[in-house]
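Data block below; observations after.
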2 protein chains.
Amino acid sequence: MSNKQYNVALVGATGAVGQKMLETLEKKNFPIKELKLLSSSRSAGKKINFKGEEYTVQETTPESFEGVQIALFSAGGSISKKFAHEAVKRGAVVIDNTSAFRMDEDVPLVVPEVNEEDIANHNGIIANPNCSTIQMVAALKPLQEKYGITRVIVSTYQAVSGAGNLAIDELKDQSQAFLNGEDMKAELLPVSGDKKHYPIAFNALPQIDVFQDNGYTYEEMKMINETKKIMHAPELHVAATCVRLPFFTSHAESVYVEVGDENIEVADIQAALANADGVILEDDPSNQVYPTPLSAAGKSEVFVGRVRKDLDNKNGFHFWVVSDNLLKGAAWNSVQIAESVIKNNWL
Amino acid sequence: MSNKQYNVALVGATGAVGQKMLETLEKKNFPIKELKLLSSSRSAGKKINFKGEEYTVQETTPESFEGVQIALFSAGGSISKKFAHEAVKRGAVVIDNTSAFRMDEDVPLVVPEVNEEDIANHNGIIANPNCSTIQMVAALKPLQEKYGITRVIVSTYQAVSGAGNLAIDELKDQSQAFLNGEDMKAELLPVSGDKKHYPIAFNALPQIDVFQDNGYTYEEMKMINETKKIMHAPELHVAATCVRLPFFTSHAESVYVEVGDENIEVADIQAALANADGVILEDDPSNQVYPTPLSAAGKSEVFVGRVRKDLDNKNGFHFWVVSDNLLKGAAWNSVQIAESVIKNNWL
């Protein structure tokens, strides 16, 4: 990489993902010339430290993006819809972590280990996939490449941080209330804008995001549609059940996949995963080695364990994928895209 | 039912399931003439109240079963192996909640709503299936009967109470430690007798029971093999991934099933479930109605929600099954078997 530096804006700087984006930019030593921290009017005025300097968060306006070359958006779909094109108009490349543009035909949806080359076709906006999708396709890609895949059925185990800082607080407060023998107040989850709220502490909620007319949740449809788009596999069969659980960080997924070859064995799948970019195989049942949400928290990679062959279908395999939903599932994947844009002169 | 009363022994009276068995016997007004509460030598001497009377728990010996007509066992497989035949020898019918005899050819494995008639063939021992199996087959049975089923893939979300009272304490202690910012002590889960222990609080452990040579856990193999036996469907394809989660009561399951008919719709599946014995359909996405571990806790039935058709396979359906693992998953199913034995003169 050259020594060039870039003007970067971060929209949604005070959120759970925004905080992780700042940590990631700092940790990866991203070449920032000037940094603008932006937010909704509600969070404007807050002070945030970055590399030892204090920044004041500013309210996002179209003019915020004057002179900005890279704009990271993670403040909700409505903010992205309102301001992403304003940023592009002013010459920025937008890397958007919301679902606003993910399925737009002229917007690349990118997990760099899977389809980095799609970034080249961007028209100003590059979308960061849904957290639960990213870690799954990172694990599916090496299997698709080596053996072909025809079918995926996934059940997820998702952390509350995917619903933001307030959901983290809600899990903490409810957990303490329950341990104290008090009633739990449910005011946010499963979906802040939905009609009913249920306790998440010591519970499991089979609803992430709002229900669609077909009975699937929006989160499930995101996993289904985004997986096909990222993997360039419109004919791939994908089914998803998404469940919110009482832990803070990392999503886990129980994945069933059918590959295109009946002669593949567990060792082949393990080898493909062990050699894949961004994937770490943690799979040794005899020593109880497998990833968990706690073991993956704070790490950038996607961890896979519990690889085993289906007992009835020779081309079927089951495995368990875990990754930090705020890092590879959001902040790190976005920064990776930004690094790729720079490295490949795709600005 | 007649007014006849029976001498009943309960082995494992001080355990998590044993306590629920006592509550269930009392609540269902089971016709008990004389009750013996038995345990290991470790718990002998403890006092337990039943219907206002105080009982002293006695150490289990072969002679404990003299005069006993119905013996409920729930004190671990090794105790069952040691004493079940002694009880049978003395004329008792044993209803065993451990895995000791479940796969024995001459031992019926029974969920009354599914295969009550198998009880007639018992030779003294009737096995109660694994908790996670019971609730799944209760939901699969009406589909098998009406449409035939060919394939099941399940991912479980299981409560710590399935691992006993000490696991309940461990989740409480770890949760409080975490909220206090202290280290969590992991001394029991995922499996008390295994080499390593991991925190369960704010985590997910993809291991329930010990690993088998094929990479599956014993819990997963129980679900696979017991389902085929109970449903009399040796050719049924069953795959399972079992995960322990940080909640106290009720197991939840994400189930994918393929039925024998491509013309079935969601409403057909819902109708079959709504009409099934022991199953309650809680499925109204537009009003966010679905079962959760907390909503099912303390109830005897099996709750099903989130029924939807696979988007690629016309004969594929997904649903979400929740039930109290200590009640229908253990105590209530055992007492149901005992009631059936009496009602049908199968003593």
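Backbone N, Cα and C atoms are what each Cβ position is placed from, and that goes for glycine too.
As recorded in TrEMBL, the features of this protein are as follows:
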ACT_SITE  A:Cys131  active site, acyl-thioester intermediate
ACT_SITE  A:His251  active site, proton acceptor
BINDING   A:Thr14, A:Gly15, A:Ala16, A:Val17, A:Arg42, A:Ser43, A:Ser161, A:Gly162, A:Asn325  NADP(+) binding site
BINDING   A:Arg102  phosphate binding site
BINDING   A:Gln158, A:Arg244  substrate binding site
DOMAIN    A:7-122  domain 'Semialdehyde dehydrogenase NAD-binding'
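Secondary structure from DSSP puts A:Thr14 (NADP(+) binding site) in coil.
The Cα atom of A:Asn325 (NADP(+) binding site) lies nearest to that of A:Cys131, taking the recorded positions A:Arg102, A:Cys131, A:Gln158, A:Arg244 as the candidates. Listed recorded positions: A:Arg42, A:Arg102, A:Arg244, A:His251. The one with the lowest count of other Cβ atoms within 10 Å of its Cβ is A:Arg42. DSSP assigns A:Arg244 (substrate binding site) to a strand. Sequence-distant contacts of A:Cys131 (active site, acyl-thioester intermediate), defined by Cβ-Cβ distance under 8 angstroms and a gap of at least six in the same chain, are A:Gln158, A:Gly162, A:His251, A:Asn325, A:Leu326, A:Gly329, A:Ala330. Sorting the domain 'Semialdehyde dehydrogenase NAD-binding' (A:7-122) by DSSP state (H, G, I as helix; E, B as strand; all else coil) yields 39 helix, 32 strand, 45 coil.
Ranking the binding-site residues A:Thr14, A:Gln158, A:Ser161, A:Asn325 by other CB atoms within 10 A of the CB puts A:Thr14 at the bottom. A:Arg244 (substrate binding site) and the residue listed as 'phosphate binding site' are 22 Å apart (CA-CA, integer value). When other Cβ atoms within 10 Å of the Cβ of A:Ala16 (NADP(+) binding site) are tallied across all protein chains shown, the result is 23.
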